[in-house]
Amino acid sequence: MAEKIGGVFDAFGLKTGKQKFEYTAAGGVYAGENVYAVLQAPRGDATEALVLCAAWVNTEGELNESGVALVLALARYLKRWSLWSKDIIFLITSDSRAGPQAWVDAYHDLHTPPAVASLPLKSGAIQGVVVVDYPTSRGFESLHIVYDGINGQLPNLDLINTAVRIASGQMGVRTTLQEMWSHDNQYKDRLRTMLRGMVNQGLGHASGPHSSFIPYHIDAITLQAYGDGWHDEVTLGRTVESLFRSLNNLLEHFHQSFFFYLLMAERRFVSIGTYLPSAMLIAVNFTIAAIGLWLKSGRLNDKEENKSSDGKASEGKNKLLESAGEVPSAAEQPDVVSEERPLLLSMAFVVATHFLGFMPLYLFNNLDEKNFTSAFYIFTLLNVILPPVLCAIFTKSFAPTALHFTLIKCFSLLLLGMFLSALATLNFSLSFLIGVFASPITFINPTPKRKWTVGAAWMALLQGLTPTTALVGVALYWGEPLSEILKEAAFGWRVWGMWTQVVVWCVWWPAWIIAGVLVAGSWAVEA
Amino acid sequence: MDRRSLTVIIATVVLRLVLFTAFPSLPNLLTNRVELSTPVTSFKRLQEGLFLYTHGLSPYDGGVFHQAPLLLAFFTTLPSNPIVVYLVYILSDVLSAYSLIQIAASGVSVSTPYHTSSRKSSTWPPWAVAAAFLFNPFSIATCIARPTIVFTNTVILTAIAKGVQGRGVAAVLALAMASYLSLYPVLLLPPMVLLAHDSLPAVKKKGRSLGSFAAVLTAVFTVAAAVLGALSWGITGGSWEFLASTYGVHLLLPDLTPNVGLWWYFFIEMFDSFREFFLCVFQLHLAVYLAGLCLRLRKQPLFVITTLLGISSIFKSYPSIGDTALYLSLLSLYRHIFPLMRYTFFVTSTLLYATLLGPAFYHLWIYAGSGNANFFYAITLVWSLAVTVLVSDAIFAVLRDEWETERPEMKGKEIVQI
């Protein structure tokens, strides 16, 4: 494939380059060869470039026949013009997932040779990328604009706006977003578009060949031809041409204020000022609960101390201050932590649980794809019994009091709130979705005097809100088997540098485990 | 050193070695973090300076390298194996911990000739103080990132350890070395003199008034600094260029690379005509605390040193996480005043928040391009706020502790400041 297309580019008089790559993830090998050509700008100085890209095979595995043909045709057509002030790179990747990543990594010299080869030919800083995906040779009905980047990063809204304006305004092609093939621009459809966008953003996977470019601060979109209609290659070609002329006229980057948005329809978006408070409120809920528990733990502590030295205690409130010097037994023992809040044990437990999260992270990123399904079932099973077992071990070996459990919950919620609010600035949707799933954790009460039915009900609810359930949910949403999802995640980790699973296993899962331990503690402490 | 201290030290040495060797990309990743490496401490810039120096060029050409010439001489004698460099940094941390153990064992933080805290039973044992320093994630990250602030911290702690043993000359020599490495420790000279004088054994103390003692030590300090300067002059081939490129950078702030401090943004935004004025104001601001603290906390010079280190970790021209780690490790000597502090939870959570949000906002600004400098600056403000609250809260707690020791009947009572 690369030879042939390279020959075609050569025949146009363009400088061409080829790049071989090979990735291994979850036991699978992903190899291929990219081929590209650089059209040197007649009016530019090769400091800036635009990329027109088509993958040989699109994300659905279909042969992108018209897309590749269109890129070749445009290469010949655009070369005749003298108005380009930015270089144009025509890139044909052999697949939609690994190829673009290998190419863009090598373009910025961040690849890992020899698995990914270096590029023989480069141009200036890439300003924009348009990917064409047109897998049929029939006419199409509408243009589907795909914009999600890896880890939920988005391209500048102005690029999407430009594409929408050109397609619908000049060419009369309908544009669609997030696979909403019919959109009546009413509340329900807008909501569905937004939610689909949020799920895609939250998962943080690559939704098209353009996704790999976005982490490099390059604005990129994929134009997908969809449906049966009377538009043909010429319409798509003119759209791309117009888009490139718009990008060519840019004097600098798109303005920075349009990177945070949720699209509801092609011309409507929710801006960060409106949506961020929701994720922040959810994250702050955990922090406020942690502060509340901290204050409460101070009072719990007083009560216990009053009990232990009943006659001597004067005012409960000042007890904390007094105790350090007064209690005679404390003078001998070096470990005086017991007089205040027993921080060390609770802190160690929370930290240890968070480190425990690296185990599933490592496991699911490094297993072979054949073992994914069985590993997942075993893990789910373990997940069910892990909190009670952990709780039993904890209570047996350290004899914790109710105060310990309060503090464990306090630190766990504090960490969760902190992680989620930091995450909300990077990937709003992921933070929001995890926050919603985790919100019941706030209300789990670590008092030991619960009836077992309530505890069991909590446990059942918690089991319904695990990361493993969420994985099953994602599998159902996409209609693909579980192993596929895990494979995609492992592939994303290795190739794309996707860190959704780090958040799931090292932020959400530990918080969930601790919630489970608290529920189990309801029985354990009393017994 | 008892067995526990030894265990702690061995455990952290192993931990650091594992971090260095098992994650080969980690040292470079951390070295590039602006929170850990500043223009005046960065390991990368040190390597640049070394390269120029070993090739017979002036290391200060090009304006990248701003560190003391003796560091060059030291690193050129080392074999170029990275493991050796790792070991040097680990050894430096171990020496810091050893000094901390000595300081904690002396008990100066709870009882000085003029003040003995009524809470002295609740201090941490030396091994716990060492552990609080060695296991502090900030210290570990600083060690892995290999900025030269690690050596400054070691020398400062050594100086304090000598000070609490009453060995004034040794303390001041170490302090001269610290000041030579990164200038601002010079502010610690007065409290160090006080500390050394207070810690003198009674026999020796009789013949020497504080004034003459201070005069001698200041003279020693000046001579030591002069000798170090002359050595540097020799090392750099008889040129005084290093003065402007090291201390000049500390004082005049020509390099505005972001860091956790408050200066860089302020001086980026400022009109040039006001620059000199505000440089003076900012530098004086650092020195302004010295006299007041020395007078008010005359009974506890070690706490004056601790507080000054805390203040300079906020307000100096190129602060980094390593400075805060030093302050936190010295603060762990004051375990007995923790119950008197009012904002520990607030400070801890704010520091944690800033630790997480700082890198996130830096990423948004530099890599994702969807944020701007204000994002990161806002977080450095939050960070500085947390450390400020911690410093002032610790001062409050120590003063309260002194007050309660004077007037035991007021223990635990509410107080109102008039």
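Cβ atoms are placed via backbone N, Cα and C, with glycine included.
Beyond the ends of the transmembrane segment (B:7-26), by six or more residues, the same chain brings 83, 86, 90, 93-94, 97-98, 127, 130-131, 134-135, 140, 143-144 to within a C-beta distance below 8 angstroms of the stretch. Under the heading transmembrane segment, TrEMBL lists B:7-26 (among others).
Summarising the annotation, TrEMBL assigns transmembrane segment to B:126-149 (among others).
If you look up TrEMBL, you'll see B:169-189 (among others) marked as transmembrane segment.
The transmembrane segment annotation in TrEMBL covers B:210-235 (among others).
Residues annotated as transmembrane segment in TrEMBL: B:247-265 (among others). Note on the transmembrane segment (B:247-265): residues 34-35, 38-40, 63, 66, 182-184, 279, 282-283, 314-321, 324, 358, 362, 373, 376-377, 380-381, 383-384 of its chain, located 6 or more positions outside it, place their CB under 8 angstroms from a CB of the stretch.
Marked as transmembrane segment by TrEMBL: B:277-295 (among others).
Annotation source TrEMBL lists transmembrane segment at B:340-362 (among others).
Under the heading transmembrane segment, TrEMBL lists B:374-399 (among others). Beyond the ends of the transmembrane segment (B:374-399), by six or more residues, the same chain brings 258-262, 265, 296-297, 300, 303, 306-307, 310-311, 313-314, 324, 327, 331, 334, 337-338, 340-344, 346-347, 350-351, 353-354, 357-358, 361-362, 364-365 to within a C-beta distance below 8 angstroms of the stretch.
Across B:126-149, B:169-189, B:340-362, the stretch most heavily in contact with the transmembrane segment (B:277-295), judged by Cβ pairs under 8 Å, is B:169-189.
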